[in-house]
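Taken straight from TrEMBL:
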- 1-24: signal peptide (SIGNAL)
- His151: active site, nucleophile (ACT_SITE)
- Lys153, Lys382: substrate binding site (BINDING)
- His380: active site, proton donor/acceptor (ACT_SITE)
- Ser405: site 'Interaction with DNA' (SITE)
Amino acid sequence: MMMMMMMMMMMMMMMMMMMMKIFEFHFSDNGSGESSTSSSPLKKQRSVSSHASPIEVFENAQPISFFLTRVHGIPQKFNNFYTMDIKSTFNYMFEIPWLIQQYPEPFRSKPLLCVHGFQGSNKAGLEAEAVKHTNIKFCQAKLDSPWGTHHTKMMFLLYDDGMRIVIHTSNLVERDWYQKTQGMWISRKFPKLTEPSEKKGDSPTRFKRDLLEYVSSYKAYQLKEWIDHIKHHDMSSARVFIIGSSPGRHTGDRKHLFGHMRLRKILYENGPSKEIVGRWPVIGQFSSIGSLGPSKDTWLCTEFLQSLATSNGTSIVPLSKIDLKLIFPTKDNVRTSLEGYPAGGSIPYSIKVAAKQPYLTSFFHQWKSSGRQRSRAMPHIKTYCRMAPTWDKTAWFLVTSSNLSKAAWGALEKKGTQLMIRSYELGVLFLPHLFVSMVTSMLFLRDGITYFSIFENQS
């Protein structure tokens, strides 16, 4: 039976170390700002011993199940909380020899399917790397636009008694797992159903339905087996929303299936109330920037910000009153990083594109993660959230492969009747009320550790 990574959780995580849940945010133009704390009632997540087993690390990370990757070159104590080092098969970049070496030796001949978007010589080079490994098969994601990429980072793990999904931000190349800041979400093991179903075994977030929609959008015969596996499993334990992007021009009801319009729809139906978030800033953090148009009102501060600023029951908000803050490493961040200037190769922003959108610099804030010693570990992680002005709580949090670009998030066309997307992307959205029942809740950040803040429901 074809599988998309290692067979068992212990095998998959044999080389893992532990770290944290959510990195500390600092927002100031000179990087000197400090995140504040709150006296509100907090429910701290359980700490994890540096000697804990991978299964203990995973269980102690529940219910959020969000991790960073281990970073080489920082004090070990900062690698002792909720860190994972794992691999994927839906991806953008691959190093096949390195990937195979990450398997325990008895499992290096297990069937492996790699989903990629390479064409021409890049495709031939990837296949040449795998020629000695007859167990490796490939699925080429269809890309209609030369400016589109297959950027999704995901893996499927199939067990005798279930299936697990991992959605993360790392390419399958050694440097992405060494000294960069990366993030991932790992599902619980989804049990098997007695019979296949598209609807049975779905979660309150419609995780199964949206995963089927996303994988089906590839229209690849190699993925039919995996669509069947998804149908055969109970994914009702999932508490995150899938936010995916799939290339094409999406119209009608499909306009809200992908991209920033998908995020808009979910926040409209399930997001925080306008009374709670009010004028809370919107935060975007990413590792690449595309062409966004000659003016901030072309895309960034109109349709894109409108989606991220949507609250429960309304997407009509006074955008001029919403503060947008964008986190992107500076030249000095890169120069003084653990990797030095080579780190800049994973943080592309064309000087020609930058010259056409100088307005963007007014939104920039530098990367800083002093609470978890990752200020010098350049971010390849991509995160978006809605935070309180005190910087100590957030109404929602998204970890994704999507950088700041129209190719990734989509751009409305024909007077808003269709959404044009060029790339494959995937992320998961956390809404606190789905982790704490019967209350209105927020996520709190204090000293870089995630907390639940619980408020009595006033409704």
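Placed from the backbone N, Cα and C atoms, the Cβ positions cover glycine too.
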List, in sequence order, the same-chain residues at least six positions removed whose CB sits under 8 Å from that of Lys382 (substrate binding site)? Thr169, Gln285, Phe286, Ser287, Val399, Thr400, Ser401, Ser402, Asn403, Gly427
Compare the Cα of Ser405 (site 'Interaction with DNA') against each of the recorded positions His151, Lys153, His380 and report the nearest. His151
Count the Cβ atoms, other than its own, that fall within 10 Å of the Cβ of Lys153 (substrate binding site), considering every protein chain shown. 28
I'd like the number of other C-beta atoms within 10 A of the C-beta of His380 (active site, proton donor/acceptor), please. 25
When a 10 Å sphere is centred on the Cβ of Ser405 (site 'Interaction with DNA'), how many other Cβ atoms does it contain? 23
Counting every protein chain shown, other Cβ atoms within 10 Å of the Cβ of His151 (active site, nucleophile) number 27
